[in-house]
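Input: a single structure, listed below in structure tokens.
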Amino acid sequence: MVKTQRVVITPGEPAGIGPDLIVQLAQREWPVELVVCADATLLTDRAAMLGLPLTLRPYSPNSPAQPQTAGTLTLLPVALRESVTVGQLAVENGHYVVETLARACDGCLNGEFAALITGPVHKGVINDAGIPFTGHTEFFEERSQAKKVVMMLATEELRVALATTHLPLRDIADAITPALLHEVIAILHHDLRTKFGIAEPRILVCGLNPHAGEGGHMGTEEIDTIIPVLNELREQGMKLNGPLPADTLFQPKYLDNADAVLAMYHDQGLPVLKYQGFGRGVNITLGLPFIRTSVDHGTALELAGRGKADVGSFITALNLAIKMIVNTQ
């Protein structure tokens, strides 16, 4: 790495395990400076609850970034709206969570930070606070004014991107248009090259219907939409294999010769990945003008403050972000 970079982290829901995981991250050295966008008392109280050392250093944007030493974090302060009781949601803190996301996103957009790693949020409490919120992916897409973003989850062995994300099943077929597929595949191909350092990405594409439509007998979306788009993109030089039945595609004979899978909808691709690598998976938002990774689990309110939260996914998310920073330099 040419110079030390700053990575901004949001802990997510303050009553959940996010703050626990941040404190655990701080127990090791990192080659980047970790800037945590959070309430100071929240972090120090959680560290005391876990019996772990933590020193918070003030964020100084005009000073050179320094590698993070064990037991320390750099703090970019955002104040809680309500005091936190571990494991109990407080509606007003939905505003606090969104403030941390907004500040972190803005810092990436203005060049303060080289990447953003997000902890788990509770979508329900944010909406209960009167803030329409469907997820990190959509929030960062809107705030960064990105034309289109793509959700991808990854482990060391498997990357799965989604053509559609948080849609009811009844709406998915109508959402999968030629324009959407062109855009999603272009973003996936571009970011595999630029952020993952893969010179010629090989992408497996799932069909939408059982048996990938069985030649039109189980749905015609493959014939009408997916196959024509793949043929057009192959003519541009992209290495695309599909559409393949999802129950066939996730086998070593296909995956061993691919860099990523494109699933048509959320529950088509993610159950396989989460079964294969739960606790080690990372959520990545492709198409943003900055690097964003996230844990692949929820807030686990029942584990907060008990020292039982597994920091593995957060470590993987941070390590992947660091690799992506190197690839883009």
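Cβ atoms are placed via backbone N, Cα and C, with glycine included.
Annotated features in Swiss-Prot:
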BINDING   HIS136, THR137, LYS274, ASN283, ARG292  substrate binding site
BINDING   HIS166, HIS211, HIS266  divalent metal cation binding site
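Projection of Swiss-Prot feature records onto the structure.
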residue : record                             : CB count, 10 Å
HIS136  : substrate binding site             : 23
THR137  : substrate binding site             : 24
HIS166  : divalent metal cation binding site : 13
HIS211  : divalent metal cation binding site : 16
HIS266  : divalent metal cation binding site : 18
LYS274  : substrate binding site             : 17
ASN283  : substrate binding site             : 23
ARG292  : substrate binding site             : 27
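Under the DSSP three-state reduction, ASN283 (substrate binding site) is assigned to strand. Between the farthest pair of Cα atoms in the substrate binding residues (HIS136, THR137, LYS274, ASN283, ARG292), the distance is 19 Å.
In the three-state DSSP scheme, HIS211 (divalent metal cation binding site) falls into the helix class. Taking Cα separation as the measure, THR137 (substrate binding site) is nearest to HIS166 of the binding-site residues HIS166, HIS211, HIS266. Here the candidates are the binding-site residues HIS166, HIS211, HIS266. The one whose C-alpha lies nearest to that of LYS274 (substrate binding site) is HIS266. For HIS211 (divalent metal cation binding site), the nearest neighbour among the listed binding-site residues (HIS136, ASN283, ARG292), judged by C-alpha distance, is ASN283. Here the CA atom of HIS166 (divalent metal cation binding site) lies 18 Å from the CA atom of ARG292 (substrate binding site).
In three-state terms derived from DSSP, ARG292 (substrate binding site) belongs to an extended strand segment.
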